[in-house]
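Marked as ATP binding site by Swiss-Prot on the basis of sequence analysis: Gly151, Gly152, Ala153, Gly154, Val155, Gly156, Lys157, Thr158.
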Amino acid sequence: MAAQSGRVTQVIGAVVDVQFEGHLPAILNSLETKNGGNRLVLEVAQHLGESTVRTIAMDTTEGLVRGQEVTDTGSPIRVPVGEGTLGRIINVIGEPIDEAGPVKSEGLRAIHQEAPTYTDQSTEAEILVTGIKVVDLLAPYAKGGKIGLFGGAGVGKTVLIQELINNVAKAHGGYSVFAGVGERTREGNDLYHEFIESKVNADPHNPDPSVKSKCALVFGQMNEPPGARARVALTGLTIAEDFRDKGQDVLFFVDNIFRFTQAGSEVSALLGRIPSAVGYQPTLATDMGALQERITTTQKGSITSVQAIYVPADDLTDPAPATSFAHLDATTTLSRSIAEKGIYPAVDPLDSTSRMLSPLVVGEEHYAVARQVQQVLQRYKALQDIIAILGMDELSEEDKLTVARARKVERFMSQPFHVAEIFTGSPGKFVDLADTIKGFKGLVEGKYDHLPEAAFYMVGTIEEAVEKGKKLAAEAA
């Protein structure tokens, strides 16, 4: 059957209406036209009446004119997959945007796929060690699970994601896919160059045969129209699914999943849907479910996904972050009040949760230490009002000791990052799980009550804290 062609009848920002004679293209099909010499891809979103489809443009529509010819490709948007994508930057429609020539792909795959069936899914529970103390102890990540990083603007979500890529890619050596959804282009550019410098990826312009690229980058950043931002997460996921189906354990990073929802909401109004709570699209839960249900572990391989989730105005009850919560195995909440104390990563130890923190998965000792740490911090939180009104002197001896230990625990949760070496000047630390448990266990049992608080700030293992304590004592003397 020859490719169907139609004509543009109306352009409203990112939404384009196309009229076809006879057979209408299916919903989610991709249509193509030329705009200023460039290929413009439109995705069918609605059928209007007998002969018109309403589509969402994947690029800017400036310069489109009514009557212009549009061709139906007969399938959804298809993107290159396989090892040829590693080390490359591609956009939502699979075109390379790193000026390093065409992508050597092993074939094309449609970005809209069915989620794996129940029978295909794997149910094993295994922990993914990240080398970040506060995460591994209190909200451990599941291998093949979904992890959400919640936080307002500027509390360190992107830095934490970069550290995870660095630690986990180096520790387990698998492939990663990074989807930049509606975030700053500058950060995407920095990430690309950091990957080349840290040898996670080879430089496509200047290949070094000793470096094998481990991460594919897919970007649809803030300057892109909403169509691209609403679909780029699916493009990244399609590449990750292909690696998984070939038996790989893949890491899939999305920065930022809120922008995926935001783009959907921008398009929704243009498509004429009546908005729901807080102006979001009525299909919010469906859109989120369609993406999240595909991120799963099958009998063949696993996808472990880490998603940064921007929280508008620090309000966790906003429909966008609240809808994401339902899908996650672990949540890491970054708190502004902790960042203000200078404690980085600014992970809130009482607000971060994980399905994996169970004695059956992590073992009795780990579970007991994690609960003791949370107990000490919870008690400290309860005493803060009394301290603010009456001061430390009014507390009982037992409470004074609890406060002192809690402050040390808080500081011991900070840790120098490899990716932050550039601006902190201190070398990054990867802390093994056994060392993390040992350190916090000693702290809550009172083994280190004699050391000053400052000894625990920005160190890796407890041995480093003891060394730092000795140094501080020598300097004070």
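Heads up, the Cβ atoms here are built off N, Cα and C, so glycines get one too.
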Row Val155 (ATP binding site), column other C-beta within 10 angstroms, all chains, value 26
Cβ-centroid neighbours of ATP site Gly151, Gly152, Ala153, Gly154, Val155, Gly156, Lys157, Thr158, 8 Å, sequence order: Tyr310, Leu334, Ala339
According to DSSP, which of helix, strand or coil covers Gly151 (ATP binding site)? strand
Check Thr158 (ATP binding site) against DSSP and tell me helix, strand or coil, would you? helix
List, in sequence order, the same-chain residues at least six positions removed whose CB sits under 8 Å from that of Gly156 (ATP binding site)? Leu334, Ala339, Tyr344, Pro345, Ala346
Near Ala153 (ATP binding site), which residues of its own chain have a C-beta under 8 A away, given they sit six or more steps off in sequence? Tyr310
Please work out the number of neighbouring Cβ atoms within 10 Å of the Cβ of Lys157 (ATP binding site), leaving out its own Cβ. 26
Would you mind checking how many other C-beta atoms are within 10 angstroms of the C-beta on Gly154 (ATP binding site)? 10
On a count of neighbouring CB atoms within 10 A, which of the binding-site residues Gly151, Gly152 is highest? Gly151
